[in-house]
């Protein structure tokens, strides 16, 4: 019988298999950042161990770093200590690191792809749950805890039980103004935050094939938000074209050999999945979350739901709590919800295409009075690229703040946070209580909805805006 | 890691679903570079609320947490497990755990006992009626008992074996070093390396 994409990649990485034990899986790329690694390096030191493969390991600083005054020492002493600890550990153990100010510093999941280190058929891990992003290339990529970070540093392997397989097929064509973010938010609202638990998911179908690499990364990034072990998309010409000119892409005969191998990874016609979910792209509209987990979302055109709309008792109680925390009243049209802060950035939507999409809406327009907008590129290189296209000028002319690269307000470990009770429209991935700052209220949205919301000051899509006559730069 | 065979203690009912790891320990508490001292961050936002279960004197000194479905979803932060351990918890009982959280628990010595939602409801009822009820979690027998209730729990065999014996994963894996080296010798030349760096 044929095998699925994930089964082929898994099988190719089994170092040791024994019945009744998890497989020992080889790891091709280990991404490291400052928050989940200090205790792992300490563990190595205590046991007198080395990093087995520094040449398959790369570090950057992203969670803690400020997005202003990046040329000055980090003002928060505890953050500075954590960043300095990573720098010292990288030096001591011979690990390549990209520090503040370097074009390849930034959100760890933006760095791997932009360097061409993330490639099809690989296993990629990081002490961060959004490692699922790299699955967009047809890699098995998942987040791990600090004990496992230490395990990978010491052995370049992980013990892993083989997950089940699931296919999410999206047929048809996404309507205009509907993006990958809307698609994945709609999917999570349908399947629930635990729906993917125990599965490696393969996203497939016409609507997925039509997506750019960056849009595919947005989809795979959010796999963890519905509990999946990993999310993957089979590599194709879009993947190969994206990779071809990246610094670490294979060259010459290696490129030929690699592409031939990558083409063999697609799920066989006679392979079967343990579970299948089918969505119609035409049914999907701009989507927004109203609650405190990513499954609590509805189309932007809908009203805030009522706890009575839910059959399941747990969902009912969760909805009551969420409405109270979010300060929302059931029945309110979402388009009437006023937003204080718009955050454009993160490993979900902080890449160049996301910035272009938002800039296209903001060109010739202004951020509404009383609303602030933060634009945080995913990496130093994304920032430079945006500046070379004049996107920074569009954002600044509109009244948005143009910042340095990092995780920033996605999780508020640096000074970029919401104040208690403040409400955001955010292109990030989690609307958990307090995620963007204690007492902060988050609505997850796409870059297009984020930009339109910045203009109106209430949740909005670009189609809601008055047309303007303005020359929009190329690319946008 | 200490071996875990059986645990007896009192339990706190956490009647909430989807308790993500940001709720277990918010990001602002993750800046420490040490392995201990995370108890202050545990459920930090909720502990300001006098009505929160862990603020009730009758649930002082608890070591078993009985949580609603989808406990430990979200971020991979192992600090969530460390915070629970540092506070004094040894066991979390739930009908569905976030995958990464469950894995981290097994590595750090916190027992994540998977039961049906029905068992969760019965445990909630039991410990709410009498918070002093001793809950016995037996990893050898894979059972959890409290008052009249005795029910099986699930845990994967390998994690159970490691917890029972207090084994260190890295040590086990390094005993297979020859297998790792043999695998490395077969890796294709086109696989990327981070070193030397290319601009």
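Cβ coordinates come from backbone N, Cα and C, glycine included.
Neighbour count (other Cβ atoms within 10 Å of the Cβ, all protein chains): 29 for residue A:410 ([4Fe-4S] cluster binding site). According to TrEMBL, the [4Fe-4S] cluster binding site annotation covers A:347, A:407, A:410.
Residues or ranges marked as region 'Disordered' by TrEMBL: A:418-440. In the region 'Disordered' (A:418-440), helix, strand and coil residues by DSSP number 0 helix, 4 strand, 19 coil.
Here the Cβ of residue A:347 ([4Fe-4S] cluster binding site) has 26 other Cβ atoms within 10 Å, regardless of which shown protein chain they belong to.
For residue A:407 ([4Fe-4S] cluster binding site), the same-chain residues 6+ apart in sequence whose C-beta sits under 8 angstroms from its C-beta are A:62, A:63, A:65, A:107, A:346, A:347, A:413, A:414.
Under the three-state DSSP scheme, residue A:407 ([4Fe-4S] cluster binding site) falls in the coil class.
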